[in-house]
């Protein structure tokens, strides 16, 4: 029974020394002196604010993309014990002792380091030689721009890591497809492909480009499988479902999980709440939740309410009125009704309160029991402070002459009767008998006499309107645009019929409780929409650039400058590598076109397996460059050099692919191969020379003299910082 103990237990393992050595070199190049400089570097001022908000559990919205990348940066801060107390107010600010700089920069650096062995493995899985794979990894290792970007609290290195991991995982899965379908390793690599794609998209929406490329390649490969007569219909269906599960369902589920964790962590009110709806704000701890706690749920006749416009653009605002009237004549000579102004005011104010009145009764208090207002009911809206009725009529609005003026009615006894009846339409109702609810209901107010809809035009009134936003009656309303939709944010049940007592009542606390918790999907949908549609003001940045500048490396970015010495850090690429990548891409396109024309003429210059290898490598590396670069020509946003790095990574992988192809198929004699090999050695030596030359501005040390800095300005368009003597 114990006979197995008579022989020793032996474990054997194959170790790829190339892979281990590349991983170690990658870690050294990215982790060495990671805490230097101990100061805020370029976009660390941007991402650091979000890390602090994570540490304090304060909600925020970043329009640059999904939250997964921010959470990874925050994880580094959490592991380092960061308390979030640092003021990220300027580039170059010295970090205080409570900021774990090394920990905050660790995950981007690890991701950047692991890109080196990933590049090696990708070329191996593409069936290229280990020599070519080693060359690709060394080019990634010695690329100055990739080193700089991965050594700070930035997201590009994490994005590139997940992109390369997705490509490698799919290649491993595809190569297993031929002999071990549905095995454990087959499932592992397929699932890892979907997970990596989801993580890439979760870091930045740029990851979507590579994800779509891989889906296209998967679709092409599956199309070829359909033509395989050896596969049964059941087998094909299983393959289809497996790919759908791993590459669509799981990535979508993971993407949702990123937002779930994000919203779970950030449960406190913060400075970004105001762009969200009232319901979303009320679900956060503090802020609006504190103001609205205990509000009645159902709006009734006699309710005192504030009405917030759902659009939130150009800024959040509430329906508002004050004692001032419209001028008798506007600047262009048009006349007005000279009625009391109604605007949309971007601040909380006592003049934002309105009373929901039953047109058939005089009372302005809630009856016992309350009579709720339902979809389709006719109401009057009485301004709480001035007690005048919300009104509109066939008079042109001050700034929108094709729409009706909205006012509070003043009886001038000049045969202009009040038209103050409004029909409540609940846009997000589930049935036509729905009750108008606080915060939850989104409503339109349709004027009974003219069918005009109460709308925020967004225009800013002149000085006579205190620059507040114009509210109009939209006569030709099509659909439910958000500018026509309002929701009750603050709500009280009115108790006093006397005006002075009512004004005091408007500031009194409410007495009933209400649960306003939104479901996760409702919060996710709103937050996702805000991320996609929220646009910061486009301002010209000193280091912004165009996509055309990136290919020739005509631009750089100064990341950091030492306060006293000439030490500085720049995002600046290895010019030999960038030029070689462009040449490799051009050679690949020209050779591919040549081969295609020749093959059309039934002339086959290279074997079929070499052709298939050439096409598949170009589809992944050339396609990866194209999908990560060309979309920037269509984007209306401020662009920077670091946006090019994912595309550059794919282009670098193309260099050894082209070199090996030239060596194997165009250098036919031993002499040509020897000369070509010597040229490659000389070329790679120049890559290493440029890496060493620019390493002082890649790592920020040693400090260079003015003369040495001037010598680094190889292009006039480069902005190398030189202190005035």
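Placed from the backbone N, Cα and C atoms, the Cβ positions cover glycine too.
Keep in mind it's a predicted model, so treat the numbers as computed, not measured.
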Given 609-627, 704-722, which one carries TrEMBL's transmembrane segment label? 609-627
TrEMBL lists transmembrane segment for one of the ranges 154-174, 280-300; which is that range? 154-174
So which of 68-88, 100-120, 154-174, 639-659, 671-691 has the most C-beta pairs under 8 Å when paired with the transmembrane segment (9-32)? 100-120
Taking all residues of the domain 'MIR' (296-359) together, what is their mean pLDDT? 88
Its residues classified by DSSP, the domain 'MIR' (296-359) shows 3 helix, 30 strand, 31 coil
Report, as numbers and ranges, which residues of the same chain sit near the transmembrane segment (100-120): CB under 8 Å and 6 or more residues beyond its ends. 18-19, 22-23, 25-27, 29-31, 34-35, 38, 48, 51, 72-73, 75-77, 79-82, 133-134, 136-137, 139-141, 146-147, 149-155, 157-158, 160-162, 164-165, 168, 649, 652-653
Range from 68-88, 154-174, 575-597, 609-627, 639-659 with the greatest count of C-beta pairs under 8 A to the transmembrane segment (671-691): 575-597
Within-chain partners of the transmembrane segment (68-88) [C-beta distance under 8 Å, separation at least 6 from its ends]: 40, 44-56, 62, 95-96, 98-100, 102-108, 153, 155, 158-159, 199, 202-204, 258, 261-262, 265
Which one of these stretches, 154-174, 240-261, 609-627, 639-659, has the most C-beta pairs shorter than 8 Å to the transmembrane segment (575-597)? 639-659
